[in-house]
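Enquirer: Checked TrEMBL, it gives:
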type: TRANSMEM; residues: 12-38; note: transmembrane segment
type: DOMAIN; residues: 72-255; note: domain 'ABC transmembrane type-1'
type: TRANSMEM; residues: 76-98; note: transmembrane segment
type: TRANSMEM; residues: 110-137; note: transmembrane segment
type: TRANSMEM; residues: 157-182; note: transmembrane segment
type: TRANSMEM; residues: 203-225; note: transmembrane segment
């Protein structure tokens, strides 16, 4: 039997299965990326006419623009605030509902519902709730004599509020991933640890976390990527009322 030929045939079959994905990636990722890199060296109008080679002038203009550095600062602020909070909350909820019961099924559904809703709709609803003039939250605060803050027009509170909106929208997806990983941890490991006298804290840090480390790494990476692409909630809630709206990378790009 020709083992080399058999191995080559298996590799060819595997490549054929992967080929459609590679074609899609090439058409929708690699080609647009190369076009963006090449076109960044030219000046042209919106109709892609009047091409003029200008080298790295576009990059020089961006690096000298204060809005770019402000956008970078605010985007990093958003990522640093959003990702750890989202992962921590998702892990906490996943551990809490990692039991087989009808009530936990209801909880999983409720927690996952925001994921299938539009970010624009969620952001608009929350922005209306906190609206300084007509929002229900400011109205209740006035009733109890509490100081009222125009959250999404305040440079101090706008970004934390946007982070909370993002966590509310996205943590259900992260929770489902971590919950699936938790249910894959063998119960025998916990039973053996309990026999050895290990407490819940020790089992969590020595069994649970190492067992789901790969899933945690996956959700961390996807959360970071998603956070750097933030746009909807920033644009809908601030409407240009604070420097936050001028300060996220995707807004600057679309402008």
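The chain as shown is numbered from 1 upward.
Quick reminder: no glycine exception, Cβ is built from N, Cα and C everywhere.
Map the listed features onto the structure and describe their local environment.
Expert: With a threshold of 8 Å between CB atoms, the same-chain residues lying at least 6 positions outside the transmembrane segment (76-98) that come near it are 104, 107-108, 111, 159-160, 162-163, 166-167, 170-172, 174-175, 177-179, 182-183, 204, 208, 216, 219-220, 223-224, 227-228, 230, 248.
For the transmembrane segment (157-182), the residues of the chain that approach it from at least six positions outside its boundaries are 74, 77-78, 81-82, 85-87, 89-91, 93-95, 97-98, 108, 111-115, 117, 119, 122-123, 126, 130, 149, 151, 208, 211-212, 214-216, 218-219, 223, 226-227, 230, 233-234, 237-238, 241-242, 244, judged by C-beta separation under 8 angstroms.
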Enquirer: Residue list, the transmembrane segment (110-137) vs rest of chain: Cβ under 8 Å, 6 or more residues beyond ends.
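Expert: Counting only partners 6 or more residues beyond its ends, the transmembrane segment (110-137) has Cβ contacts under 8 Å with 93, 97, 148, 150-153, 161, 165, 168-173, 175-176, 232-233, 236-237.
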